[in-house]
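As annotated by Swiss-Prot, (6S)-5,6,7,8-tetrahydrofolate binding site applies to Ser109, Met110, Leu111, Pro112.
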Amino acid sequence: MKIIFMGSPEFAIPALKELVLSKHNVIAVFTSKPKKRDRYLNIQRSPIHKLASALSIPVYTPDSLKTNDVQNLIATFDADVIVVAAYGLIIPKAILKMKKYGCINIHPSMLPKYRGAAPIQRTIINGEKETAVCIIQMDQGVDTGDIILCQKFHLAKNICFSELHDQCAKVGAKLVVKAINYIHTLPRIPQSQDRASYAHKLSKSESKINWYESAYTIDCKIRGMNPWPGTFFTHNNCNIKVLKAKIVNNSHNLQPGTVKIANNDKLLVACQEHFLELLSLQLPGRKELSSDQFLCGYHILPDTVLQ
């Protein structure tokens with residue numbers, strides 16, 4: 001089977017690698033345009049651009065897929081299917097219907113749950129116990145297409161965004177090859193609109209920790225929002241990021257946000273339910289610190305109430 005691959009970030013890397021190693025033939029790659037990344041105007045290509053170039057696969061970086069020139073270019077490729085993995089551009093109807101088997105997409109959630117831009121993050125933030133990777137036949141909606149294959153799995157305890165991201169990418173890579181191997185015979189299963197939800201893009205407005213939530217809820221937020229946009233609390237008008245934490249299931253009658261220091265090196269904060277031990281923190285413009293390093297260099301008193 002001849003394949004056009006469309007993808008840009010690290011999430012798409014395992015899929016392109018698996019397709020190249022398979023019996024199928026990736027004949028072209030479409031990815032995001034190279035960007036100026038720093039003050040020296042150095043050009044940074046996407047991870048997929050770098051990989052495709054290393055594999056000697058032709059690479060195309062259009063600003064849009066809506067122009068006649070780009071659509072005519074794609075039409076000239078003798079491809080059977082287009083595989084999409086976190087590409088970043090809207091794929092118009094003309095391209096969705098262009099090839100024999102259309103466009104298929106790798107989506108890291110248990111569709112129809114968590115359609116949209118941030119399914120992995122929202123899965124963790126909302127405390128889900130299991131998730132999935134789905135291969136869907138793309139239509140004009142946002143992740144609304146019929147499901148071709150779906151692989152469910154349980155989330156490891158305390159899993160963070162980067163770990164689940166990599167796990168979903170690897171599962172999706174194997175699954176998309178299987179989908180193409182059996183694309184002639186696999187049924188297309190419509191999604192239930194009644195159970196649909198949308199995983200909105202993360203916002204910095206969500207970053208501030210609310211100590212009146214449970215320790216479990218806050219821990220899920222910390223794990224799901226690291227590295228971006230991160231989570232923080234305020235002390236003496238300083239926004240301090242929390243990069244890693246641990247739930248301590250001790251009951252208390254303290255005001256949420258109250259600081260307790262155990263054994264001179266453990267930083268505990270009372271939440272609505274239980275405590276959260278802050279394991280890794282970061283001051284503005286500084287490197288990551290363990291809790292004992294933080295307590296050595298930053299003055300925070302027991303019984304302080306954090307904002």
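Using the three backbone atoms N, Cα and C, a Cβ is placed for every residue, glycine included.
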Of Met110, Leu111 (the binding-site residues), the residue whose Cβ has the fewest other Cβ atoms within 10 Å: Met110
Residues flanking the (6S)-5,6,7,8-tetrahydrofolate site, with Cβ no more than 8 Å from the Cβ centroid of Ser109, Met110, Leu111, Pro112 and excluding those residues themselves: His107, Lys113, Tyr114, Arg115, Pro119, Ala132, Cys134, Asp143, Gln191
Number of other Cβ atoms within 10 Å of the Cβ of Pro112 ((6S)-5,6,7,8-tetrahydrofolate binding site) across all protein chains: 19
Under 8 Å by Cβ from Ser109 ((6S)-5,6,7,8-tetrahydrofolate binding site), counting only residues of that chain that are 6 or more apart: Arg115, Pro119, Ile120, Arg122, Thr123, Thr131, Ala132, Val133, Cys134, Ala199
